[in-house]
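One structure below.
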Amino acid sequence: MSPASAFVSLAPMLAVQPLARAATLLRTSTFAPSRSAPFSLVAPAGAPAPRPRAAVPAARGHGARRRAAAMAADANGSSKYDYDLFVIGAGSGGVRASRIAAGHGARVAVAEQAALGGTCVNVGCVPKKLFSYGSHYAHDFEDAARYGWSVPEKPTVDWPTLIANKNAEILRLNGIYGRMLENAGVELKVGSAKLTGPHSVEVDGVAHTAETILVAVGGEPFVPTFPGSEHVITSNEAFFLKSLPRRVLIAGGGYIAVEFACIFHGYGSEVTQLYRGDLFLRGFDHDVRTHLAGEMTERGIDVRFNTDVRSVVKNADGSFTTTLKDGSTVETDIVMFATGRKPMTSTLGLEAAGVTTGKSGEIPVDDFSQTNVPSIYAVGDVTDRVALTPVAIAEGHCFADTLYNDNPRSPNYEYIPSAVFSQPAIGTCGLSEEQAVAQFGADDVDVYKSAFRPLKHTLTQRVGERELMKLVVQRSTDLVVGVHVVQSAAGELIQLAGVALKAGVTKKLFDSTIGVHPTSAEELVTLRQSERAKAEAAAAAEAKKTAA
């Protein structure tokens with residue numbers, strides 16, 4: 001049974017049976033890697049520049065009137081539609097939109113073909129973070145000896161225990177999502193939904209109508225076609241591996257590839273990561289990218305750039321031989337592709353409803369999440385906006401408030417903090433140095449940065465743990481427009497930086513803030529000399545030396 005089919009078979013029970021029953025089924029299910037899973041992985045990619053705000057369409061701003069009309073129609077049994085709102089997809093964005101709309105008085109139904117909570121809960125953010133937590137322990141055990149602890153035996157990994165405990169936690173969260181929908185009065189339809197018109201949806205052949213339809217189905221991993229591509233897995237299947245692979249090849253240069261390279265390495269696998277470009281994490285600050293590449297290499301991960309997979313052959317013993325574009329080969333126990341994502345729109349019937357899609361299947365929307373069809377909206381990864389779980393939640397909430405509470409609003413995509421749970425982790429918010437230079441010009445940008453070994457590892461002397469703190473400042477306004485951190489707790493630290501940047505914090509305010517000592521974070525408020533000033537001072541010293 002594949003991960004997808006296992007979750008699909010459990011979906012009805014997650015909604016209508018006690019969580020303990022569903023947990024028992026999941027614990028006794030056997031999962032085998034298969035790329036048929038209808039899930040996507042949500043995580044950071046950096047926020048784009050905010051779009052110009054569109055005017056509120058005339059059709060909007062009538063939430064109270066719509067609600068009153070619906071209540072009146074219900075009273076006399078003359079409602080034109082089965083529901084005020086029908087949501088396709090019970091992930092983060094869809095569940096938030098459903099609950100808020102129902103709270104405003106709308107009659108809401110949501111359809112889900114897999115497990116409640118979508119990508120983030122089932123095959124994304126949550127299990128990935130649990131795996132990341134677990135992958136740190138081997139180093140923690142090793143480091144303990146330098147702090148006086150006696151660790152007599154080398155720890156070993158019981159991979160099935162990890163998977164079982166992860167599954168139990170995911171089932172707990174599935175149950176929470178089900179109860180949230182039930183408590184909000186949202187009707188759950190378990191099955192595969194598709195559009196049949198601007199106001200009509202079919203769920204496993206059963207027709208439903210709604211005044212408004214919201215598409216929130218998310219995305220899924222994309223694997224290119226090449227000889228042997230049927231042998232590779234994606235992040236979806238990585239969460240259900242029966243055993244820990246000894247050797248892992250990961251193709252890709254995005255955050256998912258980087259995170260899983262660090263996770264598998266942390267658990268003890270030999271990891272090779274390939275990327276076809278010059279440097280991974282395209283779109284992130286260049287210093288951050290180079291710093292992490294160096295630290296991962298120091299840790300023992302074989303990171304190779306400017307290369308790609310030509311073919312994969314499965315051997316008689318179950319291992320795989322991957323041939324690269326230069327003709328060299330790599331022998332591993334699994335081959336994982338993390339080479340991009342695509343919206344899950346191919347079977348939605350969008351054409352039947354007249355909904356326009358982009359070249360990758362994404363659904364273009366305006367600032368209020370409306371498609372080209374007035375009655376159909378879309379939020380989350382299925383759109384061409386920011387693929388982050390908190391963003392999908394914000395989009396869903398704004399959508400519901402706009403249509404059902406006479407409160408037209410759209411998300412603000414400026415200064416969205418995000419994290420990459422690599423080792424060490426990345427936290428980023430705002431503009432990279434390269435983006436700032438492109439936007440303001442090189443003469444109007446100052447950069448402050450520091451790379452160092454944290455206090456914890458002065459005793460352990462562990463390699464691959466150097467940290468980086470960087471501020472990007474617009475000189476003419478003194479505004480801090482970018483904060484970039486490479487540090488073990490960067491994901492926790494960057495959240496507060498997001499608040500500061502949205503509030504318009506200046507470099508002067510950073511300088512006047514007293515640091516917490518001894519911490520890595522205090523570096524951010526003690527960076528006094530810009531890289532420009534350092535270069536000018538070095539040039540002046542060299543000129544003085546030459547003159548002497």
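Heads up, the Cβ atoms here are built off N, Cα and C, so glycines get one too.
Any TrEMBL annotation is an automated prediction that lacks curation.
As annotated by TrEMBL, active site, proton acceptor applies to His517. For His517 (active site, proton acceptor), the Cβ neighbour count at a 10 Å cut-off comes to 8, with all displayed protein chains included.
Secondary structure at Lys129 (FAD binding site), taken from DSSP and collapsed to helix, strand or coil, is helix. Long-range Cβ neighbours of Lys129 (FAD binding site) (same chain, at least 6 residues apart, Cβ-Cβ under 8 Å): Phe421. Positions annotated as FAD binding site by TrEMBL: Lys129, Asp381.
Counting every protein chain shown, the number of other Cβ atoms lying within 10 Å of the Cβ of Gly254 (NAD(+) binding site) is 22. Under the heading NAD(+) binding site, TrEMBL lists Gly252, Gly253, Gly254, Tyr255, Ile256, Ala257, Val258, Glu259, Gly340.
If you look up TrEMBL, you'll see Cys120-Cys125 marked as disulfide bond. Of all Cβ atoms in the shown protein chains, 29 besides its own fall within 10 Å of the Cβ of Cys120 (disulfide bond).
Feature annotation from TrEMBL assigns domain 'FAD/NAD(P)-binding' to 83-396.
For 416-527, the entry in TrEMBL reads domain 'Pyridine nucleotide-disulphide oxidoreductase dimerisation'.
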Residues of the domain 'Pyridine nucleotide-disulphide oxidoreductase dimerisation' (416-527) by DSSP state, where helix covers H, G and I: 40 helix, 33 strand, 39 coil
CB-centroid shell, 8 A cutoff, NAD(+) site Gly252, Gly253, Gly254, Tyr255, Ile256, Ala257, Val258, Glu259, Gly340, site residues removed: Phe260, Phe280, Leu281, Ala338, Thr339
Candidate nearest Asp381 (FAD binding site) in space, where candidates are the recorded positions Cys120, Cys125, Ile256, Val258 and distance is Cα-Cα: Cys120
From recorded positions Cys120, Cys125, His517, the one whose Cα lies nearest Val258 (NAD(+) binding site): Cys125
Gly252 (NAD(+) binding site) - helix vs strand vs coil (DSSP): coil
Mean of pLDDT values spanning the domain 'FAD/NAD(P)-binding' (83-396): 97
Longest CA-CA distance among Gly252, Gly253, Gly254, Tyr255, Ile256, Ala257, Val258, Glu259, Gly340, per record bound to NAD(+), angstrom: 14
Inter-residue Cα distance where the pair is Cys120 (disulfide bond) and Ile256 (NAD(+) binding site), in Å: 13
